[in-house]
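Novice: Okay, handing you the structure first.
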Number of protein chains: 2
Amino acid sequence: MVEQSAEPPKPDRPLKVALLGCGVVGSEVVRLLVEHQADFAARVGAPLELAGIAVRRGGRHRDVPVDPALFTTDAHALVRRADIDLVVEVIGGIEPARSLILAALDNGASVVTANKALLAEDGATLFAAAEKRGTDLYYEASVGGAIPLIRPLRESLAGDRVRRVLGIVNGTTNFVLDRMDTEGTSFAEALEEAQELGYAEADPTADVEGFDAAAKAAILASLAFHTRVLASDVHREGITQVSSVDVESARAMGCVVKLLAIAELAADGAGVGVRVHPAMIPREHPLASVRGAYNAVFVESAAAGQLMFYGAGAGGSPTASAVLGDLVTVARNRVQGVRGAAASTYAQLEVHPMGETPTRYHISLDVYDRAGVLASVANAFSRHGVSIQTVRQEGRGADAQLVVVTHQAPDRALTATVEELEDLDSVRDVTSVMRVEGLGDR
Amino acid sequence: MVEQSAEPPKPDRPLKVALLGCGVVGSEVVRLLVEHQADFAARVGAPLELAGIAVRRGGRHRDVPVDPALFTTDAHALVRRADIDLVVEVIGGIEPARSLILAALDNGASVVTANKALLAEDGATLFAAAEKRGTDLYYEASVGGAIPLIRPLRESLAGDRVRRVLGIVNGTTNFVLDRMDTEGTSFAEALEEAQELGYAEADPTADVEGFDAAAKAAILASLAFHTRVLASDVHREGITQVSSVDVESARAMGCVVKLLAIAELAADGAGVGVRVHPAMIPREHPLASVRGAYNAVFVESAAAGQLMFYGAGAGGSPTASAVLGDLVTVARNRVQGVRGAAASTYAQLEVHPMGETPTRYHISLDVYDRAGVLASVANAFSRHGVSIQTVRQEGRGADAQLVVVTHQAPDRALTATVEELEDLDSVRDVTSVMRVEGLGDR
């Protein structure tokens with residue numbers, strides 16, 4: 001149906017690629033570059049030549065199908081080489097990744113990176129350097145592995161207005177929560193299983209405490225709202241406190257617990273809220289069916305309506321696929337002598353604190369089975385201006401329970417309400433507190 | 001997190017946009033162009049100015065917030081105007097759309113179209129014209145409405161190898177099949193409901209007979225496999241023959257019936273099969289949860305693994321969102337004086353006929369309850385080299401039933417087997433025949 005692309009101006013030599021890092025992702029990037037050489041040449045308009053691979057220690061990486069002479073332990077010398085056109089950074093972490101990327105950009109190279117932590121902490125510096133030299137800095141692989149997210153948000157929705165982004169962007173925590181829901185296992189058991197299966201690190205902190213998701217939330221929010229958002233701007237709660245009781249309470253109301261990265265426009269359109277926390281979502285919500293270690297990002301925009309992007313959020317091959325998609329684009333831009341669309345911060349909206357963000361809570365209470373309990377509980381909510389959507393009274397005597405779902409209220413009013421509930425004489429115990437998302441705004 | 005884009009070379013005047021068609025989609029394009037003027041200027045690097053709107057009859061469209069003087073009934077004169085930079089075609093159909101787009105491209109304008117029928121019938125001519133003049137021809141809105149599909153397939157996965165595309169690309173038929181599954185209604189009742197709700201045309205042929213899906217399948221296959229595929233290359237079966245019995249049989253084996261647009265690489269990688277037909281897919285497959293009139297495209301690629309893109313497949317606003325996303329890109333390319341990545345046909349794989357395409361069947365048979373029935377049925381399969389995965393024997397006496405699920409075999413062997421089964425003495429009736437997808441290749 002479509003025609004061969006017009007021959008782009010051929011450069012007099014192939015484009016030279018420097019690879020920083022040759023671990024799980026890096027070695028897959030090498031393999032694909034070598035395997036699909038001809039395809040890349042056809043798609044780019046010029047051959048891509050692997051010119052050097054920076055590794056921490058030499059003598060290893062024998063499994064990678066390239067001339068061993070390409071390996072070097074001097075990454076700084078590699079990115080400064082005059083003949084390097086394209087630099088792929090898959091080392092991760094802040095340093096030396098940052099100084100290497102800055103050196104590469106300063107050297108006039110286009111850069112493709114998968115480094116979410118660096119982008120979410122100091123992306124501004126990197127993008128400024130890219131602008132200064134008029135080169136490309138692409139980062140599709142930084143969020144959602146192989147799932148095309150950056151490009152759709154930056155380009156496909158450029159004619160639209162994004163209102164909300166709801167993402168399952170951490171496979172480890174989704175695996176754990178999925179197991180807790182489907183197998184009824186505890187958090188500890190599910191985490192152990194994830195570690196045995198290689199879905200979780202020996203030190204799972206970055207995943208289970210939501211740091212990884214917060215970095216990705218910052219990147220998504222920045223793109224969706226043309227506003228600079230840092231990981232440190234993101235309200236972050238992990239899943240270590242999610243109990244079997246929470247999971248059961250969710251099930252009881254037809255919901256499932258997911259760790260969500262949420263970025264949304266304030267009602268007045270003047271600010272954004274960006275947060276990562278576990279939340280109950282209805283089982284019929286498209287995100288509810290995202291199982292195991294898969295990722296998905298759900299986008300609500302003014303014209304497009306609801307969109308969802310689903311796929312493998314991590315792993316060597318998926319991440320390499322995203323890296324190479326970017327590499328083809330920046331290489332092609334280079335052949336044409338242009339830059340791709342840079343993400344922008346022209347809107348520069350204010351990032352609202354969590355306390356001001358409207359949320360809804362699901363709260364389960366063990367109460368004393370006596371007259372006036374419901375009244376005293378209802379008063380606690382009303383004193384903080386929180387309106388109740390539903391109250392379910394369950395059990396009698398020692399098992400008497402109240403399950404409350406609120407309407408939207410500023411998060412600080414809801415947390416204050418919970419504190420007050422904990423002190424009420426009529427309340428024996430607050431057994432489950434969790435935010436509810438995906439029910440619509442009310 | 002991200003920086004303001006470097007100032008692109010500003011043209012000495014705004015970019016002038018000609019709109020062809022001002023129906024449901026066109027009027028929404030106008031509304032968004034006017035409403036978000038400033039955003040577009042910031043994203044493109046130059047203001048976009050609506051320079052003319054071609055309509056079939058004048059005197060209408062009073063609801064569109066623009067100077068009535070912009071309306072013209074002379075579309076050919078509009079696309080030939082020397083000052084037009086960008087042309088948006090949302091008329092649909094083959095003519096006059098084709099000659100208008102060709103005239104616009106020949107006039108050096110970049111074109112954004114939502115015209116799936118035209119692209120799938122004669123895209124080659126359009127793309128050749130765009131190449132000849134070095135202008136852009138974008139068409140994100142032609143498949144899946146607002147869902148970013150063209151860009152991800154063409155750019156994000158440029159470093160990967162797509163193996164299979166499974167799509168629910170027609171909202172009308174998905175709504176009908178969803179109703180048949182969830183409400184147990186007949187095809188006729190569900191279609192009537194779809195028409196009442198505006199999901200189906202008065203003449204539903206293009207949707208229910210799979211013509212719409214076949215055009216989209218051709219577009220997706222062309223992109224995914226860098227091969228020219230026409231709508232006429234696509235094997236097409238609609239849903240008019242899907243019965244309540246089929247839907248029940250699917251449910252009995254944990255499946256749901258969907259109308260799928262399928263494009264897949266042959267095992268030897270040398271050819272592609274492209275088809276549209278109803279099929280049973282397991283309820284746990286991500287596509288199974290696509291409800292109502294929503295669309296989704298599921299992509300399997302070598303490195304990225306499984307990806308799914310979900311959203312509203314039709315409607316004025318969603319389609320306008322996709323059109324404007326393209327418009328921003330082609331406008332930005334124009335400001336920079338470059339072309340976007342054109343889809344390519346460098347692979348030019350052979351399109352295999354349906355008969356050679358490996359498929360699996362689910363077949364329900366009413367049989368006579370007597371000795372040797374299973375043997376005679378099994379013989380019919382083996383005579384055509386079709387291997388059986390499972391046989392379920394149900395009921396006794398007059399209700400005796402056999403439910404057979406096969407392994408993969410060339411589709412022609414399976415159709416031949418069904419014909420033979422219909423003639424078997426031991427078979428009273430073949431009550432349901434349907435292909436099964438999403439179970440993996442075996």
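Backbone N, Cα and C define each Cβ position, glycine as well.
Just so you know, TrEMBL annotations never went through curation; they're auto-generated.
These figures come from a predicted structure and were not determined experimentally.
What TrEMBL records for A:LEU20, A:GLY21, A:CYS22, A:GLY23, A:VAL24, A:VAL25, A:GLY26, A:SER27 is NADP(+) binding site. Look at TrEMBL and you will find A:LYS116 tagged as NADPH binding site. If you look up TrEMBL, you'll see A:GLU201 marked as L-homoserine binding site. The active site, proton donor annotation in TrEMBL covers A:LYS216. According to TrEMBL, the domain 'ACT' annotation covers A:362-435.
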Novice: Using a 10 Å cut-off, grab the number of neighbouring Cβ atoms around the Cβ of A:CYS22 (NADP(+) binding site), all chains included.
Specialist: 24
Novice: Please compute the mean pLDDT of the model over the domain 'ACT' (A:362-435).
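Specialist: Value for the domain 'ACT' (A:362-435), mean pLDDT as a whole number: 93.
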Novice: If you draw a 10 Å sphere on the Cβ of A:LYS216 (active site, proton donor), how many other Cβ atoms land inside?
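Specialist: Here the count is 28.
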Novice: Secondary structure at A:SER27 (NADP(+) binding site) (DSSP, helix/strand/coil)?
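Specialist: SS state of A:SER27 (NADP(+) binding site) = helix.
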Novice: Round to a whole number and give the Cα-to-Cα distance in Å for the pair A:LEU20 (NADP(+) binding site) and A:LYS216 (active site, proton donor).
Specialist: 21
Novice: Can you tell which of the binding-site residues (A:GLY21, A:GLY23, A:GLY26) has the fewest other C-beta atoms within 10 angstroms of its C-beta?
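Specialist: Minimum Cβ neighbour count within 10 Å, taken over the binding-site residues A:GLY21, A:GLY23, A:GLY26, occurs at A:GLY23.
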Novice: Excluding A:LEU20, A:GLY21, A:CYS22, A:GLY23, A:VAL24, A:VAL25, A:GLY26, A:SER27, which residues of the same chain place their Cβ within 8 Å of the centroid of the Cβ atoms of the recorded NADP(+) site?
Specialist: A:LEU19, A:GLU28, A:VAL29, A:VAL90, A:ILE91
Novice: Please compare the binding-site residues A:SER27, A:LYS116, A:GLU201 by how many other CB atoms fall within 10 Å of each one's CB, and tell me which has the fewest.
Specialist: A:GLU201
Novice: Work out how many Å separate A:LYS116 (NADPH binding site) and the residue listed as 'active site, proton donor' at their Cα atoms, rounded off.
Specialist: 6
Novice: If we count other C-beta atoms within 10 Å, could you say which of the binding-site residues A:LEU20, A:VAL24, A:VAL25 has the fewest?
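Specialist: Relative to the other binding-site residues in A:LEU20, A:VAL24, A:VAL25, A:VAL24 has the fewest Cβ atoms within 10 Å.
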Novice: Please report the distance from the Cα of A:VAL24 (NADP(+) binding site) to the Cα of A:GLU201 (L-homoserine binding site), rounded to the nearest angstrom.
Specialist: 14
Novice: For the C-alpha pair, I'd like the distance in angstrom between A:LYS216 (active site, proton donor) and A:GLY26 (NADP(+) binding site), rounded off.
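Specialist: Checking the Cα atoms of A:LYS216 (active site, proton donor) and A:GLY26 (NADP(+) binding site) gives a distance of 21 Å.
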Novice: Round to the nearest Å and give the CA-to-CA distance linking A:VAL25 (NADP(+) binding site) with the residue listed as 'L-homoserine binding site'.
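Specialist: Distance between the two Cα atoms comes out at 16 Å.
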Novice: Give the helix, strand or coil assignment DSSP yields for A:GLU201 (L-homoserine binding site).
Specialist: coil
Novice: Compute the C-alpha separation of A:SER27 (NADP(+) binding site) from A:GLU201 (L-homoserine binding site), stating it in Å without decimals.
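Specialist: So the Cα of A:GLU201 (L-homoserine binding site) lies 20 Å away from that of A:SER27 (NADP(+) binding site).
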Novice: Whole-number Å distance between the CA of A:GLY26 (NADP(+) binding site) and the CA of A:GLU201 (L-homoserine binding site)?
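Specialist: A:GLY26 (NADP(+) binding site) and A:GLU201 (L-homoserine binding site) have their Cα atoms 19 Å apart.
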Novice: Just to verify a number: CA distance, A:GLY21 (NADP(+) binding site) to the residue listed as 'L-homoserine binding site', in angstrom, no decimals.
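Specialist: Rounded to the nearest whole number, the Cα-Cα distance is 19 Å.
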